[in-house]
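Notes follow the structure.
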Ligand code: DAT
Ligand code: MG
């Protein structure tokens, strides 16, 4: 079993999509290990998106992720990282296939409803950043 970090972003929580999204992961075969509804601080947001610091949309991205509570999750499954990315869909909802979370619930890359870690290294960093422990 592998674990991954997934976060429903503020627009997903505000639109009442949390239950539907968690159900999709459970239906696929993921186990929910830990979860918390939490407010992201500016410091955590800047750390989480540090790799995008030079992008023109960085400020907007930080403002968005702190705009309301997020639902942070640790999920476990076989090939959890890749399976979660497949369920989530392409970064830009325009390119996200129907049946994926972004394909079904989002239209705009700047508010694309959900985050999923992209590597074992980012899982470790993100679980630590969001839950305070591995
Ligand atoms: P992903 O979330 O699919 O891993 P990423 O790590 O490249 O994608 O980018 C993180 C987030 O940054 C992404 O979910 C939405 C935002 N983002 C990426 N490209 C963007 C763009 N061109 N304009 C606005 N926001 C963007
Ligand atoms: Mg990413």
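Quick reminder: no glycine exception, Cβ is built from N, Cα and C everywhere.
Caution: TrEMBL annotation is automatic and unverified by curators.
The domain 'Nucleoside diphosphate kinase-like' feature in TrEMBL is assigned to 1-134. Per TrEMBL, the feature ATP binding site maps to 9, 57, 85, 91, 102, 112. As annotated by TrEMBL, active site, pros-phosphohistidine intermediate applies to 115.
Distribution of TrEMBL features across the structure.
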residue : record                                          : CB count, 10 Å
9       : ATP binding site                                : 22
57      : ATP binding site                                : 12
85      : ATP binding site                                : 18
91      : ATP binding site                                : 12
102     : ATP binding site                                : 23
112     : ATP binding site                                : 23
115     : active site, pros-phosphohistidine intermediate : 20
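DSSP assigns residue 85 (ATP binding site) to a helix. Note on the domain 'Nucleoside diphosphate kinase-like' (1-134): mean pLDDT across this stretch is 98. Reduced to three states, the DSSP call for residue 9 (ATP binding site) is coil. On a Cα basis, the residue listed as 'active site, pros-phosphohistidine intermediate' lies 9 Å away from residue 91 (ATP binding site).
Residues 57, 112, taken from the binding-site residues 57, 85, 102, 112, are distinguished by a CB atom under 6 angstroms from ligand 1. Secondary structure at the residue listed as 'active site, pros-phosphohistidine intermediate', taken from DSSP and collapsed to helix, strand or coil, is strand. Inclusion criterion for the binding-site residues 9, 57, 85: a C-alpha placed within 10 angstroms of the C-alpha of residue 115 (active site, pros-phosphohistidine intermediate); this criterion is met by 9, 85.
Per-class residue totals from DSSP over the domain 'Nucleoside diphosphate kinase-like' (1-134), listed helix then strand then coil: 66 helix, 28 strand, 40 coil.
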